[in-house]
Amino acid sequence: MAMRQTPLTCSGHTRPVVDLAFSGITPYGYFLISACKDGKPMLRQGDTGDWIGTFLGHKGAVWGATLNKEATKAATAAADFTAKVWDAVTGDEVLTLAHKHIVKSVNFTQDSNFLLTGGNDKVLRIYDLNKPEAEPLEIAGHTSAIKKALWCNNDQQILSAADDKTIRLWDKNTKESVKTLSFEATVSSMEYIPDGEILVITYGRTIAFYNAHSLDLIKTVDAPASIHSASLHPDKDFFVAGGDDFKLYKYDYTTKEEMESYKGHFGPVHCVRFSPDGELYASGSEDGTLRLWQTAVGKTYGLWKCVLPEELSSENSEALYCPPAEIKA
């Protein structure tokens, strides 16, 4: 008997959810932050989707959000020409970093001391969070708005994706571009996997995997629809992707074969990420919700409590218990 995927629905946002990120695993579990066009990023318990708090202070759509590994700090990028740093425990605003245009991307170094930002003014900025009054280090070179900027290679290098249809690898110290990848379509998303130095990018219907050091292509997979985001499982067994057709696709990373697809959202999927333990993946959509999906359907984990078929008596074999289809977290 096939098990039915039952996503947990996290409501609360009033506009499209455009970015999400998980923290690392902490003594208190792991956490999830979501960026939304309603201007109110939210923090949730990662394994259940339970709402913890909302970061209030932006005066425009929030395009990017991230947590540091320990989930003690959050950062957000917004249309009000600012990036903000928050205390993720109290919810208090710690810093507002003024920019010259819409900010799209924020990313902490591993030690949480520096914040990398990128946005519509085409410039990468590195802020020393211990010296907030100091001018940021600026790196220019992109010819269109920057969509995503990430630290890589032990925070010595930076990967950036922009609307100029390029991904560039930069040296932090020299501020020079080391390598450039060019595409026929705008890159819609980028994920960096430090373990194995893998770069996951999406453009058009394509999900592509690159070596993050050399920017050599590892493999590409074409999906049935235009894809906005993809994420590789921590064990690199499979990856998930979502896009224009409201579906979540799961592929075998080795064979590139589609394993399953699920429809749950009522609008295009803008972002998808695996949890740090790989037990679930979260998706954010135009429909204003986040959904949490089980990696191994039918496993008891978080709010999912499932009885395996062999545990049921024969006369009740059809009464497989899984949560109801709509679980509001």
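Placement of Cβ uses the backbone N, Cα and C atoms for every residue, glycine included.
Taken straight from TrEMBL:
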REPEAT    55-96  repeat 'WD'
REPEAT    96-137  repeat 'WD'
REPEAT    139-180  repeat 'WD'
REPEAT    262-294  repeat 'WD'
Quick one: DSSP breakdown of the repeat 'WD' (139-180) into helix, strand and coil?
0 helix, 25 strand, 17 coil
Can you tell me the mean pLDDT for the repeat 'WD' (55-96)?
98
Please spell out the DSSP helix, strand and coil residue counts for the repeat 'WD' (96-137).
0 helix, 22 strand, 20 coil
List the helix, strand and coil residue totals of the repeat 'WD' (262-294) as derived from DSSP.
0 helix, 19 strand, 14 coil
